[in-house]
Amino acid sequence: MWRGVYTASCALLLTFPGLASAGRQTHQFYTTNDDLLPQQNPFGLYDKRPDDCPPCFNCNLDDFTCQQFANCTKSSGKCSCPPGFGGDDCSEPLCGSLADGSNRLPRQGKECECNEGWEGINCNVCKTNEACRPFMPPGQEDEAVCYREGLVVNENFQMCDITNKKILDQLKTQKPQATFSCNAERHECNFQFWVDQKESFYCALDNCEWSAEATDTRNKTTYRCENVQCKCVPGRLLCGSENSIDIGDFLDQDIKGPASFKSQHTEGGSPTDGSIFSEPAMNELISSVFGDPSITLNCHSGECLYKTELPGYQRPIKKINTPLIAGVIAGCALFVVAVILLIFFLSRRNANKYGPIHLGDDEEEENAKLMADHKPAAMHFENVSYNLKGKSILSGISGSVHPGELLAIMGASGAGKTSFLDILARKKKRGAVLGDFWLNGEKVSDDDFRSVIGFVDQDDTMLPTLTVHETILDSALLRLPKDMSVASKIQKAEDVERQLGIYHIRHQVIGSEEGNGRGISGGEKRRVGIACELVTSPSILFLDEPTSGLDAYNAFNVVECLVTLVKTYNRTVVFTIHQPRSNIVALFDQLILLAQGRTVYSGPFDKCQSYFDSIGYACPPGFNIADYLVDLTMHAGTPHEPVDHLVQEAAGPNSDGLITRASSTMAVKSVQSVSNASIETADGHIRPKNKRKTSVRQQQEQQLFTPHKGASDKAAPQSAGSMRSEGDSIVGGDDDRNQWVKMSRQQPHHQVDDSHNLPPSADGGTGTNLDLLINAYEDSDVAAKLREDIHNATCPPDANGHPLGPQSSGGRVKGYRKPWIHVQFAILSRRTWRNLYRNPMLMLTHYAIAIVLAVFIGFLFYGLTDDLPGFQNRIGFFFFILALFGFSTLTSLTVFAPERLLFVRERAKGYYHPAAYYAAKVVFDIVPLRLLPPLIMGAIMYPMTGLVPAWAEFWKYILFIVLFNLAAAAICLFIGICVRNQGVANLLGVLVMLFSLLFGGFLLNRNTIPPPVRWLQDLSIFHYAFEGLI
């Protein structure tokens, strides 16, 4: 009831202000404190209150004050409350929103219920643009903006939660909060401290200034006020409430300023974000009571503005972090030095890194099982022919070779030796291959056959940077059974090295003619190639010209190793050879002699000489049988004119002709001597009358390579000494004329020509002696024996003479299951890495150029500005680095080229799956050469050029240039694989990069590109990277 009377009295006073004015004029009511003693109450007529009713609120009286340091209205005695506060003394929060104006209602409950789009204890903080629409004039509602960045424009409001952990712990369930507002026109701010929505104390700050510092990712606002005054709300927490301290006197007397209110906001959030209210005396109080240095807060700001009133964008001050740049450059340089040291260590480390191999019982069993699984292989083939583009390369070749035998294929150049060896090894040929092939009497598929053989090519194709042991070990790891342990494979490689006599050079690099260091010799390199095949324990080993390019000593060593392999380990070896030395020829077991793709001889080598003697082609004593046979096939296949006698009979009954013998070394010497002989007379050198010389070639063709009927069966051959003596007597002597006459009277007593007893010419032949050789072999006992051997091996008869089917005494020959593709990738990756670090110039050049160019480019584009010149430089910077990376990837064209032949041969031998090889090569081209250089360059150039100093933007930049580099490298790799010619590949790579650069968006405007070719821009890798960087 008293409150109702009090309120009615106050309302009456407000309704009739003239009464108050009259009272002041008559009684001087508000002049002095004495005037406040009511000797005569002017409102006594209307005041029915009891005597103990409190007086009406009048801020003009000392007993009444305005909270929030609000101004007192002299005319009404009421407080002029700041926005969001109401009541006579401005102590009550108002609800609704600022848009409600004077219609805002005081808070009825514990908390205000704010209108939509507003928040805060007194609903002063806007949250959305729509909440500010009522402030706009009609028709301009869309211009309203709720500005929430914390910087005051006209008058802003902030709602904050106290975040001091010590304060929160002591207040427990009571929630401390604060409100903060500033008026730009008056340069004043207000601060209120609340606990559980009840105001504890408030502060007024004047002479305030504020500033904002903006970067690309962070905003900082700072308010600083010189003067501060604070006041407690009596009876509230911290201000005299029960069980609470009273800091009223402290606030009145000690809080003087200056004070600051700082806020920070980072894009994406940061632990340092938030606000701090700081004042020296208050900081001391907070520190002593709660242990925190100041009041920390988490605030939300809001201020309704026109769009045009929004603060303009303030360009952040660009800072170049010089220490960071120096550190990055130093780090990149140290990285390159570390790479160099690593390469030096790897190349110089102890070669005996594997140490001795100690095999356990399991490994010994694996080796024993590998040897036990080996099946001796006998190979037979019949009527082998090969036609290419309608031309017959090989025709009707048959033969056989058994375990423990060495089969040599001989013939002149162009005879078809290599083609025949490839066909025997079941290599894929472009032409048509005909014939029958048996392995241990059975016909097997090409894949099964290739899995049990080894093939050594004529040219050594090995990585020059690997050691002998690494080369052989890689073959073992890739081709031996996948369930065989690594230790057993290493031991197997070492065993093969010992067998071939190359164990002492196992840690020497292969080397090459182009390399800086000297590698192993040609003979040692050939034995390494053989070892790479022997390590798999092949049943049959094929070799193409294993002695080609070697001196006589090394050639013999290679063949001797093959003979040892054949005889000791019961292997089968087939190889081609061209004119071997006599000591090598003596090691042959089987011989196939080819001439123009036809068989001149195929059978045991020990029957070869007697066979050719029987058909009239006797090898003269002292001749190398291999040289004679190769020369024979060449001369037999060459059309020739009849050869005149060396010296025709002179006119007269006593004249004798001279015919030299062709069956001895003496015959050759005689031919050469007679050709050079002259008859010395007083008049000089003359020839006998009616006699003329013929060439040595014609004489040799007649006497060495012309078929003769053998007449020497009953005569003993002359010794080499007698032949040399007789020959010497022809050349030497005092009377050359007498020697000429003596020779002319000699009669050949060993051989005579008998054309009636020579073999007939081949049907449809060339009309040369080659047809005679071919037909003679087909009708010989050697050929019949070979056909019988093939028949018995493939269809052995039973006791009744009926065929029983394929002979399989040797057993079925099977290959191994190779390692999985991921194991192949690991082995090939290790091999590729060795090849890379042992030839490190390309890698180190990439790194050195990356550092030098990065520093140089960073110096040219240092500190890019945000004006027009800076924009131009920024575009040029992006264009240049893309061009640099694009054309530097042209080195990827040579990734596969040096190893193309190696890959083709290893793939044909089943070393690995092509995908494993491709993946290993690509990975070790991409990671060290395409991934690290962009990272190095980007890390140096980015801070030097002054691009956006944010980690997110930096990694975007790095991602774009790395992806671009990888895309350019992939294009070059594709070109390098598809185009074999290196010059053409380089030309295509440059053209592709230039056209991609043309349509990148810098040189040519997209809108001006003719529509028919506009789609080319979508294929440009420069276009996507350029847009991404911009």
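Each residue, glycine too, has its Cβ placed from N, Cα and C.
For 1-22, the entry in TrEMBL reads signal peptide.
Long-range Cβ contacts of the domain 'EGF-like' (86-124) within its own chain (Cβ-Cβ under 8 Å, at least 6 residues beyond either end) map to 10, 57, 59, 64-68, 70, 78-79, 130-132, 134-135, 146, 157, 159, 177, 179, 181, 194, 196-197, 199, 233, 300, 302, 304. According to TrEMBL, the feature domain 'EGF-like' maps to 86-124.
Annotated disulfide bond per TrEMBL: Cys95-Cys112 (among others), in sequence order. In the structure as shown, the Cβ atom of Cys95 (disulfide bond) sits within 10 Å of 23 other Cβ atoms.
Among the features that TrEMBL reports, disulfide bond is placed at Cys114-Cys123 (among others). Taking the Cβ of Cys114 (disulfide bond) as centre and 10 Å as the limit, one finds 19 other Cβ atoms among all the protein chains shown.
Beyond its flanks by at least six residues, the transmembrane segment (324-346) meets 837-838, 840, 843-844, 847-848, 850-851, 854-855, 858, 936, 939-940, 943-944 of its own chain at Cβ-Cβ distances under 8 Å. Annotated transmembrane segment per TrEMBL: 324-346 (among others), in sequence order.
Annotation source TrEMBL lists domain 'ABC transporter' at 379-621.
Residues or ranges marked as region 'Disordered' by TrEMBL: 672-765.
The compositional bias 'Polar residues' annotation in TrEMBL covers 696-705.
Under the heading transmembrane segment, TrEMBL lists 841-863 (among others).
Under the heading transmembrane segment, TrEMBL lists 875-897 (among others).
Marked as transmembrane segment by TrEMBL: 918-942 (among others).
Taken from TrEMBL, the feature transmembrane segment applies to 954-977 (among others).
Beyond the transmembrane segment (984-1004), the same-chain residues lying 6 or more positions past its ends with a Cβ under 8 Å from any Cβ of the stretch are 875, 879, 882-883, 886-887, 890, 893, 897, 968, 971-972, 975-976, 1016-1017, 1019-1023, 1025-1027. Residues or ranges marked as transmembrane segment by TrEMBL: 984-1004 (among others).
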* Asked: If you measure Cys95 (disulfide bond) to Cys123 (disulfide bond) at Cα, how many Å is it?
  -> 6
* Structure fact -> Model confidence for the domain 'ABC transporter' (379-621), as mean pLDDT, reads 87
* Could you list the residues of the same chain, at least six apart in sequence, whose Cβ is under 8 A from the Cβ of Cys112 (disulfide bond)? => Pro93, Leu94, Cys95, Gly96, Gly120, Ile121, Asn122, Cys123
* **Positions whose Cβ lies under 8 angstroms from the transmembrane segment (918-942), at least six residues beyond its ends** => 325, 328-329, 331-332, 335, 825, 828-829, 831-833, 836, 842-843, 846-847, 849-851, 853-855, 857-858, 861, 877, 881, 885, 888-889, 891-892, 895-896, 899, 954, 957-958, 961-962, 965-966, 969, 973
* If you run through the domain 'EGF-like' (86-124) with DSSP, how many residues end up as helix, strand and coil? -> 6 helix, 9 strand, 24 coil
* **Cβ neighbours of Cys123 (disulfide bond) where a neighbour is any other Cβ within 10 Å** => 27
